[in-house]
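Chemist: The structure is given below, and queries will be raised subsequently.
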Amino acid sequence: MESIIDTEDTIAAIASAVSLGKGGIAVIRVSGEEAINSCKNIVETKSKYAWESHRVFHGFIKDNLENKFIDEILITVMHSPNSFTGEDIVELHCHGGVIVVNKVIETLLSNNTGVRIANPGEFSQRAFLNGKIDLTQAESINQLINAKNLKSAEIAFNGVKGEIKKKIDIIKNDLIEQLSEIEARVDFEEDFSEFNYNDFSRNIKIIKEKIKILIENSKRGAHIHNGISIALIGKTNVGKSSLLNLLSKKEKAIVTSIPGTTRDIIEVNLTIKDIPIKIIDTAGIRETDEYIENIGIDKSFEMIQNSDYIIYLYSLEEGLNKDDEKIISKIPQEKLITILGNKKDLIDSKKVNKKNLSNSVLMSIKNDEGEKELVEKIVKKCGSKEFENIDIFLNERQISNLTDCLKNLNDTDPIIANKLPFDLLSIEVRDGIKNLSRITGQELTEDLLNNIFSKFCIGK
C-alpha cells in the first residue's frame with residue numbers, strides 16, 4: 001500500500017513493560033533510516049558482530065554530552081527490509097526500572113537530532129504501511145497484547161498469523177468472481193447466453209451465509225476476549241466480595257462486617273474450566289440515605305440488565321426474605337446461575353427451608369465450603385462448547401465493515417426479484433468488495449488509520 005503518512009522520521013520507544021523503581025530487562029526499540037547511526041552515537045562496543053543484521057552483541061550506553069557511561073546493554077540489529085517495520089531497527093536491551101530506562105531514552109534523543117518518541121502504535125503502523133502486515137494482523141497484535149485469558153490470546157495469535165485475512169479474502173474472491181462475470185457480460189453481451197438471475201442469487205446466498213457465520217462467531221468470540229460477565233448480586237454484607245476473592249484466589253475486594261463497604265463495581269477476569277469469565281462484584285442492595293452508596297446500588301441494578309449471568313447471594317443466617325425475593329424477581333431467570341446461601345457455618349443446614357430453591361447452593365465462603373458445587377453450576381450455565389469452533393474473531397470495526405458488505409449483498413435482492421438490468425448488480429457487489437478491502441486495510445483514509453493505531457501501546 002502506498003504510504004499516506006510521513007514515515008521519514010526515526011522513532012524510538014520503550015517496547016517492554018517497566019516496573020517503577022525495579023525491573024530485570026527493558027527493551028528500547030528504534031526504527032527508521034537513522035536507527036543504526038543514531039544508536040552508534042551512544043553505544044560503545046568491541047564486538048566483531050557489531051551492527052550486523054540479526055546479530056546480538058554487547059556494549060555500553062554512553063552520554064557523549066556528559067561524557068559518562070549510563071548502562072551495560074545488549075544490542076539487536078535488523079536491517080531493512082527484514083524487520084518488523086520493514087525499516088532498519090535497533091533494539092537496546094538495558095537494565096529495567098524507570099530511572100535507567102528514562103536516562104537511556106533521554107541520551108538517545110539528546111545525542112541525536114533526527115530521533116523522536118514514537119506515537120502509540122507507530123511501529124505497527126509502519127509495518128502495515130511498508131507491507132509487512134495487513135491491517136487485521138496489526139489489530140490482532142493489539143488484541144494479543146491486551147488478551148485477558150489464554151483462549152483469547154490463542155485466537156488473537158491466529159489473527160496475527162493472517163487467519164482473518166484468509167477468511168476475508170475467500171469471501172472477497174467469491175465476490176470478485178461474480179463481479180467479473182457481470183462486467184464481462186456488460187462488455188461482451190452478445191457472446192453470452194441470457195443472464196441467469198437464479199444462479200446469481202444462489203451464489204450470493206452462499207456468500208451471505210459465510211458472512212453471517214463470521215459475524216455470529218465474532219460476536220460469540222467477544223465473550224472470549226472480554227469474558228462472560230457474571231454479576232454477584234445481593235443485599236449488603238452477604239459475602240459478595242468474599243466470593244469474588246475466593247474465585248479469583250486474590251484479595252481484590254475489601255471484606256469487612258460493615259454493610260455498604262463495596263460502593264464501586266469491581267471486576268476480575270479469570271478462567272474457570274477453560275471458560276473465560278469476568279466476575280463483577282456489585283454494591284450491596286439496601287435502603288440508605290447515603291448519596292454515594294445509592295449510586296453504587298443503582299449500578300448494581302444496571303448490572304442485572306447488562307451482565308450475561310447472575311449469582312444471587314443471601315445470608316443463611318438471616319434466611320431468604322421478602323426483600324431478597326423482590327430483588328430476585330427483577331432477575332431474568334435465564335440469567336440466573338444460582339441462588340447462593342452463604343454463611344453455612346453459622347447455621348444448621350438441615351433446618352434451611354429449600355422451598356423454591358432447587359437451583360440453590362449452600363456455602364461457607366469463609367471456610368471454602370461449597371466452591372466445587374458452585375463452579376459446576378457456573379460451567380453448566382456458561383459452558384465451553386459455544387467456543388469450540390471459534391478460531392478467530394473480528395473487532396467492532398471489522399464487524400461493521402462486514403455488516404456493510406452484507407447490506408450491499410442484501411440490496412441485490414430487489415434487483416434480482418424484479419429482474420432489473422443486471423449491470424445494476426455490479427454496483428452493490430463492487431461496494432461490497434470495497435467494504436471487505438477496508439477490513440484488511442486496502443481502502444483507507446489517513447484519519448481512520450491514525451484512529452486505529454492510536455489505540456495501540458506506544459512501544460508497538
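Using N, Cα and C of the backbone, Cβ positions are placed for all residues, glycine too.
What you are looking at is a predicted structure, and each value in this text was computed from that prediction instead of being measured.
The (6S)-5-formyl-5,6,7,8-tetrahydrofolate binding site annotation in Swiss-Prot covers Arg29, Glu91, Lys132, Lys460. Summarising the annotation, Swiss-Prot assigns GTP binding site to 237-242, 256-262, 281-284 and lists sequence analysis as the type of evidence. Residues or ranges marked as Mg(2+) binding site in Swiss-Prot: Ser241, Thr262. Per Swiss-Prot, domain 'TrmE-type G' is recorded for 227-383.
Explain the structural surroundings of these features, please.
Modeler: Within 10 Å of the C-beta of Lys132 ((6S)-5-formyl-5,6,7,8-tetrahydrofolate binding site) there are 18 other C-beta atoms, taking all protein chains into account.
Using a 10 Å Cβ-Cβ cutoff, Ser241 (Mg(2+) binding site) registers 23 neighbours.
Reduced to three states, the DSSP call for Ser241 (Mg(2+) binding site) is helix.
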Chemist: Nearest by CA distance to Glu91 ((6S)-5-formyl-5,6,7,8-tetrahydrofolate binding site): which of the binding-site residues is it, out of Asn237, Lys240, Ser241, Ala283?
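Modeler: Sorting the binding-site residues by distance from Glu91 ((6S)-5-formyl-5,6,7,8-tetrahydrofolate binding site), the top entry is Ser241.
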Chemist: Find, among the binding-site residues listed as Arg29, Lys240, Lys460, the one whose Cβ has the highest number of other Cβ atoms within 10 Å in the structure shown.
Modeler: Lys240
Chemist: So what pLDDT does the domain 'TrmE-type G' (227-383) average out to?
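Modeler: The answer is 77, the mean pLDDT of the model over that range.
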Chemist: Determine, using Cα-Cα distances only, which of these binding-site residues is closest to Asn237 (GTP binding site): Arg29, Lys132, Lys460.
Modeler: Lys460
Chemist: I'd like to confirm something. Which of the binding-site residues, Arg29, Lys132, Lys460, has a Cα closest to the Cα of Lys240 (GTP binding site)?
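Modeler: Checking each of Arg29, Lys132, Lys460 against Lys240 (GTP binding site), the shortest Cα distance is to Lys460.
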